[in-house]
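**Q** For reference, the structure I am asking about is given below.
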Amino acid sequence: VDLDDCSPNPCQNGGLCQDLVGDFVCHCLPSYQGKTCEIFDIDECSPNPCQNGGVCQDLVADFSCSCPAPYEGKMCEIYVDPCGSGPCQNGGVCSASGATFTCSCQPGWNGATCGINIDECNPNPCQNGGVCQDLVADFSCTCPDPYEGKMCETYDLDECSPNPCQNGGVCQDLVADFSCSC
């Protein structure tokens, strides 16, 4: 024999009782909840306390905001600057746009955070068999004789070998020329 679990009515605060087999369910009025409608709970999401497009979730005597980037905080009131952590490396300048950032890199650097050194030796700018060494935003060529210049572009024989100066003069090698100091 199943007893009427709704007699007497266990539901509080005007809740309606529905008898089940060995149990009951209370259908509570708005603002009440709990097994017997014993908890008074207003909708803390009305009006929406979340700022900056945050989505409110009503909890028992509380609320929670789901915040869109770049906002955080109890009510999405705190703006988190995407450049605040200093994501750009090697002197790159950070620009924020909403929740994202962009780095403007210094010469010689690239990549999303300016962390990649551009290889100025690829392709090799050194001419006439010169060996390239990559530097930051520059390069250096080690030139084979008789070449010289930034890119080993100048052919320059050592006009002082053998020494053309007479009477013990000191030879100074110049580009395609020489000078004697007597």
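The backbone N, Cα and C atoms fix where each Cβ goes, and this holds for glycine too.
Reproduced below are the annotations present in TrEMBL:
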DOMAIN    2-38  domain 'EGF-like'
DISULFID  CYS28-CYS37  disulfide bond
DOMAIN    41-77  domain 'EGF-like'
DISULFID  CYS67-CYS76  disulfide bond
DOMAIN    79-115  domain 'EGF-like'
DISULFID  CYS105-CYS114  disulfide bond
DOMAIN    117-153  domain 'EGF-like'
DISULFID  CYS143-CYS152  disulfide bond
DOMAIN    156-182  domain 'EGF-like'
**Q** Residues sitting near the domain 'EGF-like' (117-153): Cβ under 8 Å, six or more positions beyond its termini, same chain?
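**A** Result: 106-110, 175.
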**Q** Counting only residues 6+ away in sequence within the same chain, which have a CB under 8 Å from the CB of CYS28 (disulfide bond)?
**A** CYS11, ASN13, GLY15, GLY34, CYS37
**Q** State the count of C-beta atoms found within 10 angstroms of the C-beta of CYS152 (disulfide bond), not counting that atom itself.
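**A** Taking every protein chain into account, the count is 20.
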**Q** Within the domain 'EGF-like' (117-153), count helix residues (DSSP H, G, I), strand residues (E, B) and coil residues, in that order.
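**A** With helix first, then strand, then coil, the domain 'EGF-like' (117-153) has 0 helix, 13 strand, 24 coil.
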**Q** Count the other Cβ atoms sitting within 10 Å of the Cβ of CYS37 (disulfide bond), across every protein chain shown.
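**A** I count 21 other Cβ atoms within 10 Å of it.
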**Q** What else in the chain is close to the domain 'EGF-like' (156-182), if you only count residues 6 or more beyond its ends and a Cβ gap under 8 Å?
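**A** Cβ under 8 Å, 6 or more out: 145-148.
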**Q** Hey, what's the Cβ neighbour count for CYS105 (disulfide bond) at 10 Å?
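**A** Result for CYS105 (disulfide bond): 20 neighbouring Cβ atoms inside 10 Å.
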**Q** On the DSSP side of things, how many residues of the domain 'EGF-like' (156-182) fall into helix, strand and coil, could you say?
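**A** DSSP classes over the domain 'EGF-like' (156-182) add up to 0 helix, 10 strand, 17 coil.
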